[in-house]
Amino acid sequence: MSGWHHRHILDLASFSRDDFASILELAQRFRSLPVTGVRKLPALQGRLVATLFFEPSTRTRSSFELAAKRLSADVMSFSPSSSSLSKGESVLDTARTYVAMGADVLVVRHRSTSVPQQLAADLDQLGERTVVLNGGDGLHSHPSQGLLDLLTLARYFDAQKPTPQALDGKKIVIVGDILHSRVARSNLWALTGCGADVVLCGPTSLLPEEFAAFVDAPPPGLSCDPVAQRGKVTVERRLEQALPGADAVMTLRLQKERMTQQLLTSLERYHRDYGLSHARLQLCGRQVPVLHPGPVNRGVEMTSQLLDDPTICLVEEQVRNGVPVRMALLYLMAAAESAAESSLVSISS
């Protein structure tokens, strides 16, 4: 892990294939710990991780907090409803309060785009050593979700050695509300960065044409790794055209809370055109895995029968992979490598 060079983790745009390989390797090692009987490592003992979630979360927050505890870190949780935000305190001042209490890592989620980036820049300008890990910001990015989806797919294609090479040349279909999805954006960086070809599928109202050029012409403020041989991104409007030849399918939640106007005729119409079912997946030509970042709207993004089928649906596997991936991120960001590596037990991946 000596080549790790990211101080903050704010998005995946600048991640190289070597970065993805480092995270997959470390996450796989952490994932194997229960098999050895080891439930906890002292790698981050004495470190303080603060989870500042200004937006509701079940999986991400719980997963980060469990990951920190598995590495023996102390954890502080922030709740907007019981904070000084209601008294007019700014997000930056709230974050600085936790920094003053000794937080080594701030895991930040906010409904507004670029809040974690601004916090990181402000803390750097102040000369603080605290690092910022983006737990999801607006429509921009959700790095840890993109990475756990990457691990889930890499393990599906090669359980013994989940590496970026396991994704090389694979066709991954992402279907649904891509316009409002930070998960889709992070998956685009992760999957194409590992050589997978991504097909985006959805109605025009939820999938603008410019997404086809997303990784070739990144939005302002994002620096894309220029070296990696990225997979390509294409847009399909009809699911029947997108599915043939797919190696995996990811469907996304309709984020009605982010829709400022009527973008869909009806949920029934959406399910008819873009909902996944066992029958519709037969268009892939073979059995393929289905992913969903959760929470799932049953009967909208996919049928209940498909969601409850563990032979195809990997939703619970995604949840299981969230903890080791976030352990890997916290380890890389907060631990002095020389000290932390000495605490790792030898685990064969």
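Note that Cβ sites are derived from N, Cα and C of the backbone, with glycine treated the same way.
Just so it is clear, the model here is predicted, and its values are computed rather than measured.
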(request) Can you match one of R29, R96, R109, R111 to the carbamoyl phosphate site that Swiss-Prot gives for R59, T60, H142, Q145, G294, P295? (result) R109
(request) Could you find out if DSSP has R109 (carbamoyl phosphate binding site) as helix, strand or coil? (result) strand
(message) Within a 10 Å radius of its Cβ, which of these binding-site residues (R59, R109, H142, R182, R253) has the fewest neighbouring Cβ atoms?
(response) R59
(request) Using R182 (L-aspartate binding site) as the reference point, find which of the binding-site residues R109, H142, P295 has the shortest Cα-to-Cα distance to it. (result) H142
(request) Could you name the residues, excluding R59, T60, R109, H142, Q145, G294, P295, of the same chain that surround the carbamoyl phosphate site, i.e. Cβ within 8 Å of the Cβ centre of those residues, in sequence order? (result) S57, T58, G136, V183, P293
(request) Look at each of the binding-site residues, T60, Q145, and point out the one with the fewest other Cβ atoms around it within 10 Å. (result) T60
